[in-house]
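Asks: Okay, so Swiss-Prot annotates it like this:
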type	residues	note
ACT_SITE	Glu135	active site, for ATPase activity
BINDING	Asp266, Asp321	Mn(2+) 1 binding site
BINDING	Asp266, His400, Asp403	Mn(2+) 2 binding site
REGION	1-198	region 'ATPase activity'
REGION	232-422	region 'Nuclease activity and binding to the portal protein'
MOTIF	33-40	motif 'Walker A motif'
MOTIF	130-135	motif 'Walker B motif'
Amino acid sequence: MKKVRLSEKFTPHFLEVWRTVKAAQHLKYVLKGGRGSAKSTHIAMWIILLMMMMPITFLVIRRVYNTVEQSVFEQLKEAIDMLEVGHLWKVSKSPLRLTYIPRGNSIIFRGGDDVQKIKSIKASKFPVAGMWIEELAEFKTEEEVSVIEKSVLRAELPPGCRYIFFYSYNPPKRKQSWVNKVFNSSFLPANTFVDHSTYLQNPFLSKAFIEEAEEVKRRNELKYRHEYLGEALGSGVVPFENLQIEEGIITDAEVARFDNIRQGLDFGYGPDPLAFVRWHYDKRKNRIYAIDELVDHKVSLKRTADFVRKNKYESARIIADSSEPRSIDALKLEHGINRIEGAKKGPDSVEHGERWLDELDAIVIDPLRTPNIAREFENIDYQTDKNGDPIPRLEDKDNHTIDATRYAFERDMKKGGVSLWG
């Protein structure tokens, strides 16, 4: 029996990822990146190996079924050849199926455009425990994918089996795309492993591919960064290059010493959440530190006041959205939050506030303390005009903690020579 050295089949980068996969510490393995990184090639090989290791059925999905045969089906056939195990596999085209002959378990294929067919899959002998969604960004919402996941995650598996989900995609350019918001975050679920790869980590590429990549880099660097490096550039300009987002970057000891407090409140109604934020401002270092947050939908004024009092935040001034004067009055008169006042908005106050934040030396955020602040500051992008060119104003969605932060630092913006009245 011929032995195949995986170190000769995998790139060094993906050999390390394969070791992580084999360690079985995660449910979800998300591989994203630019063109030529070979992420899909490696997932296909891993699926072949896992099918030979475990008595499971593997489900492979594209958003639209009629794209399956010429993409993932061919990719998996190629993986069988690359691993030199073609004699152990049966290829069927009607329906599309790859069967591991010694055991009889199969790789099956479906389209996300017919979820009922996914829900109705029955594989009593070999449970559907593996799944690969290729071109994940083709799905319009995270909820679409969640429905499919729940269709697979059913009963407890027999010994020797485990659930394992692969996802692969090239990041869309828009930062607000759901896949970018979910998987570019500093705050990932413990069951999810995310890897980003580029063609620069693939030693098996042709000289022609590399020359083409370098030519694109020379002609259009933004296109190169998006297509070949897999960067979600959004408008092409990063709103906050001064972000420092890292788990544990703000310690309890530091929070205990923070004494230059700024607090802001953006009222939420309907689909918009309420956002209360608490920051420390280090004027000497020109940095701000996110300390705490309350971000949720349908938060009553009583709950807001209870949160402020419970955490002993009422002694510091709160600057709130002035478009809700009745809510401000109610917090003050009915709920005893006396140090609250409305923000003084002007025609250019939004742009001035965003510019002030951008000119800080650092915006320091610990996603374990303030996950919503981290998510919004990471994912926000500039608005664009009809030609797709960025304009100096942030998108007016998923920006509630950012708005609350602008309110919190209103007085500092005026003192720094930036007028909220323009």
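Cβ coordinates are placed from backbone N, Cα and C, and glycine is handled just like the others.
Help me see these features in their spatial surroundings.
Replies: Within 10 Å of the Cβ of Glu135 (active site, for ATPase activity) there are 19 other Cβ atoms, across all protein chains.
In the three-state DSSP assignment, the secondary structure recorded for Asp321 (Mn(2+) 1 binding site) is coil.
Counting every protein chain shown, 22 other Cβ atoms lie within 10 Å of the Cβ of His400 (Mn(2+) 2 binding site).
Averaged across the region 'ATPase activity' (1-198), the predicted model reaches a pLDDT of 92.
If you look at the motif 'Walker A motif' (33-40), the same-chain residues 6 or more away from its ends with a CB under 8 A from one of its CBs are 11, 14, 72, 75, 134, 168, 170-171, 195-199, 201-202, 204-205, 209, 213, 226-231.
DSSP assignment over the motif 'Walker B motif' (130-135) gives 0 helix, 5 strand, 1 coil.
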Asks: Return the count of C-beta atoms lying within 10 angstroms of the C-beta of Asp266 (Mn(2+) 1 binding site), excluding that atom itself.
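Replies: I get 26 for this one.
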Asks: Looking only at Cβ atoms, how many others are within 10 Å of the one on Asp321 (Mn(2+) 1 binding site)?
Replies: 23
Asks: Report, as a single number, how many Cβ atoms besides its own are within 10 Å of the Cβ of Asp403 (Mn(2+) 2 binding site).
Replies: 23
Asks: Quick one: what's DSSP say for Asp266 (Mn(2+) 1 binding site), helix, strand or coil?
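Replies: Once the DSSP labels are grouped into three classes, Asp266 (Mn(2+) 1 binding site) ends up as strand.
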Asks: Using only C-alpha positions, which one of Asp266, Asp321, His400, Asp403 is spatially nearest Glu135 (active site, for ATPase activity)? These are the binding-site residues in the record.
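Replies: Nearest by Cα distance to Glu135 (active site, for ATPase activity): His400.
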